[in-house]
């Protein structure tokens, strides 16, 4: 097969994300996992755009995103603290800040507590208590539910534990209106079903690492064929659920739906290719990278569809579509 050469050597995380090779972060910043934060903030913005409270005032927007970034940083540090012994046993992760000794656990814990307190203060004082509480829930679910409880015990760890990454849209909705409406819950559900396909693509690439330390990721326990089938199911579920954004948006939904088509087409193409070649590292790597761009794109479309010009265009498009049947031969015959 054409992809046989791609299956010989499993890729490292650094090969999957080349920026890890180019950018060396200070130890105190490395443990905060800053590369994960932009996507969390993007889904927070998406949650805001799905409410009648959009756009937010600049101070509230800054406080929400700043608080969310600090809460995510605290969660990242606590995750590194919990897994430092595990990281030290794997060649790929043994050079990280905590297992290598470049940062002490005491300093890391102090940083995590400081970030969590700063996040809570910023969100309570600058946004509202619901947004602060949801951010704290996201932090706890990542560290306790996913990292400590589910990750070492079940192949479905990311399916259930994915709730941690799905909470930012709820934070965004709460920040905009003081409550979480149907739009926020829709984006929460979308991120939940997007997460397994995204993460299992990465786990296919790193399954030897997970196997070496006894972490029961799906590719380790069930193999690449079963994993590719599961990815396909969740990929299709993501596509189908994404179209509900047409109705979840207060305005601009039709424009969102039209612009969504190429994103979904590409996602389906990549999950089907992986299904045809489940052992291909290149297929898994491509899907992992595209899945990140896909979720960024969804959130960008949500925000774009709420701009005034986009809303006007959406109304014009709806009028044109409503008038279209009258111009078709035989419709009024």
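Backbone N, Cα and C define each Cβ position, glycine as well.
Quick look at what Swiss-Prot lists:
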TRANSMEM  36-56  transmembrane segment
TRANSMEM  61-81  transmembrane segment
TRANSMEM  107-127  transmembrane segment
TRANSMEM  130-150  transmembrane segment
TRANSMEM  158-178  transmembrane segment
TRANSMEM  186-206  transmembrane segment
TRANSMEM  243-263  transmembrane segment
TRANSMEM  284-304  transmembrane segment
*Looking at the transmembrane segment (284-304) and the transmembrane segment (130-150), are there 3+ C-beta pairs under 8 A, with each pair at least 6 apart in sequence?*
no
_Stretch contact, the transmembrane segment (186-206) with the transmembrane segment (36-56), Cβ-Cβ under 8 Å, 3+ pairs_ = yes
*With the transmembrane segment (158-178) as the reference, find which of 36-56, 130-150, 243-263 contributes the most Cβ pairs under 8 Å.*
36-56
*Can you name the far-off residues of the same chain, 6+ from the ends of the transmembrane segment (130-150), with a Cβ under 8 Å from a Cβ of it?*
64, 67-68, 71-72, 74-75, 78-79, 82-83, 116, 119-120, 123-124, 156-158, 160-165, 167-168, 170-171, 174-175, 178-180
